Amino acid sequence: MGDIQMLLEMGFPKEKAEYAMKVTNYKGVEPAMEWLLAHVDEDIPGDVTGNTVGTSDANNAANTGNESGQAETPAAETATSSSAISQAPEAKSLKCEDCGKLCKDQGELEFHAAKTGHKNFSESTEEKKPLTEEEKKRQLALIEEKLKQKRLEREEREKADAMERERNRIKSGKDMTEARKRLEELEMKKLVEQRKKEKAEEKAARERVKAQIEADKARRKLSQQPQIMSPTASQGFQSVTSTTPAEPSIKTPSKEYTQTRIQIRLQDGSTLTETFNVKEQLSAVRVFIQMKTENDEPFGLMTTFPRKVFTAEDYDKPLDILGLVPSAVLIMTKANVA
């Protein structure tokens, strides 16, 4: 009822407003207005007007029947009632006392009250005049302007929603890119730290090997000196040693190693290098080779100088017991090498 009253408020006839709502399946005021604007010069079908006329005829017949069924009144009373009815003015519309607006029927009055909140109404003998052609044109222009404004507002809302969705998509993409970048930076830092650690271990291993070489040189130098001297040379050596201050003795580096550097020569000619704890067993070296080469076939290990082929019992012995400290070179062989 509210949509029909809004169409009536805009100046459309009631029959056309009801028919427009019916044609548009009661989808709202806007589709009905569009239909009315498109069919402004067309008449509604005859079945609709026929139903209206039939309803009025039925109501008139019912009223006539009711009047005929009433008891006859005296002539004087009938004459008085007739003169009273003829003297009473006929109400042609309903008027809003708050704003002075004329309403055609009760439905239009209820719509006006719901829209404005006015409460004071009365019957009026003043008839609500239909709109002139000029007023109809202005009303149609106003309706078209409202429809255009609604379309623009809807397009603006759709555009704003699309822009908001695009901003959210870009933001989520940026967040994912930043998260991926942070992850890559963390991985890069880990790689850098790992390389620094490996370089430090390699440097420490080289220092240990260098110290071992210097110690070996010092031992060989001492072993090459003559053990027996002639008495004269001995006396001369003693006199020289008595007159000159004693030279500091050569300190050999400590032989207590905690790590050893193992180089493994694989069967394909490539090499692997890793630092192990001297207390680790030789089997740890075998596991390391299997992990790096992903080789599940059985193989053996040996040294070339001095040549030694490790047996199954040797794999349970620590590296320092096998003489693989502070460094050693192992050769990967087939399992059947004796």
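Glycine residues also receive a Cβ, built from the backbone N, Cα and C atoms like all the rest.
Sequence annotations record features per position, and here TrEMBL assigns domain 'UBA' to 1-39.
The region 'Disordered' annotation in TrEMBL covers 47-94 (among others).
Positions annotated as compositional bias 'Polar residues' by TrEMBL: 49-69 (among others).
Positions annotated as compositional bias 'Low complexity' by TrEMBL: 70-89.
The annotation region 'Disordered' is assigned in TrEMBL to 114-137 (among others). If one looks beyond the region 'Disordered' (114-137) by at least 6 residues along the same chain, the residues whose Cβ comes under 8 Å of a Cβ in the stretch are 2, 11, 89-99, 102-104.
Positions annotated as compositional bias 'Basic and acidic residues' by TrEMBL: 125-137.
The region 'Disordered' annotation in TrEMBL covers 152-178 (among others). Within the region 'Disordered' (152-178), the DSSP-based counts of helix, strand and coil residues read 27 helix, 0 strand, 0 coil.
Summarising the annotation, TrEMBL assigns region 'Disordered' to 218-257 (among others).
Taken from TrEMBL, the feature compositional bias 'Polar residues' applies to 223-257 (among others).
Helix, strand and coil content of the domain 'UBX' (255-332), in residues and according to DSSP, is 15 helix, 31 strand, 32 coil. Per TrEMBL, the feature domain 'UBX' maps to 255-332.
Summed and averaged per residue, pLDDT over the domain 'UBX' (255-332) gives 89. Secondary structure of the region 'Disordered' (114-137) per DSSP (helix as H, G, I; strand as E, B; remaining residues coil): 8 helix, 4 strand, 12 coil.
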